[in-house]
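One structure is given below, encoded as structure tokens.
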Amino acid sequence: MAIVSCSQFVHFSSVTLKLHELCFVFLMTFVLLVCALLFSSLLMIIYEKRITNSTLEDEPFIMDDIAYDNENERNADQCTSQGCMWGKSSDGKVYVPYVIASHYSSRERSIIERGLQSFQDVSCIRFISRTNQRDYLSIQSINGCYSYVGRRGNAQQVSLDRQGCLYHSTVQHELLHALGFNHEQCRSDRDQHIRVLWQNIQHGWEYAFDKINTLNLNTPYDYNSVMQYHKYAFSGNNKPTMEPIPNPNVAFGTATQMSNNDITRLNRLYKC
């Protein structure tokens, strides 16, 4: 039977220990290399995203379906606080350039174009395909339905998501935002016409019912406005979040297109 001396055992143990150390060093080197590659890939993704978005302004702050440059803007109507209108040409028309993203199908594009065309039929607003204008609407399917209120300058996002936003009334709604109009239920005089049932609003969505200092242009509150939300908007318990005053049975928030009051306000704001 072979007998292993103490010196041989110590030597064997030393070799084994060194092998373990080498394995550990190799493993740690491999882990660090993988981490470095992952971190490098992440930086590349962030960089590519910034490059992709470089033709637009920074990503907007979205509250409900209205875009802001920052959260502090949402407490005032941009059209009364800093001006919002698109300029009028010498021929009396208001030309608003736009670009429709290529990811829409021909059917989806026709819905958007019908909404754009509808303004020409009732006002001096003319949505025109962009050539080289600096300020324009960039209509894309981004994430939901939203728009800035009024003219913001440069490429201005209007999101019409392919899933849920491509309806004639929704297209008109978001374009009216882009032209400078806010929600009907947020009008400065809404408490005389609508009672907000705060207890029924889903937690976290109360801001969608904040009253703001709006430009009402001497027009009455309009239950049939395309800018008026329906009675169950943002309900957290399947109960109404708004009811008309004084008659709670009056129907509202079911518009399928701009109302006569919507058109009147549009023409008054732009002096058509």
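Just so you know, the numbers here start at 1 and follow the chain as drawn.
Backbone N, Cα and C define each Cβ position, glycine as well.
Just so you know, TrEMBL annotations never went through curation; they're auto-generated.
Taken straight from TrEMBL:
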ACT_SITE  Glu174  active site
BINDING   His173, His177, His183  Zn(2+) binding site
DOMAIN    75-272  domain 'Peptidase M12A'
TRANSMEM  24-47  transmembrane segment
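Just so you know, the Cβ of His173 (Zn(2+) binding site) picks up 26 other Cβ atoms within 10 Å once every protein chain is counted.
Take the CB of His183 (Zn(2+) binding site) and look out to 10 A: across all protein chains shown you find 24 other CB atoms. Put plainly, the recorded positions Glu174, His177 were compared by Cβ crowding within 10 Å, and the winner is Glu174. Cα-Cα distance from His183 (Zn(2+) binding site) to the residue listed as 'active site': 10 Å (rounded to the nearest whole number).
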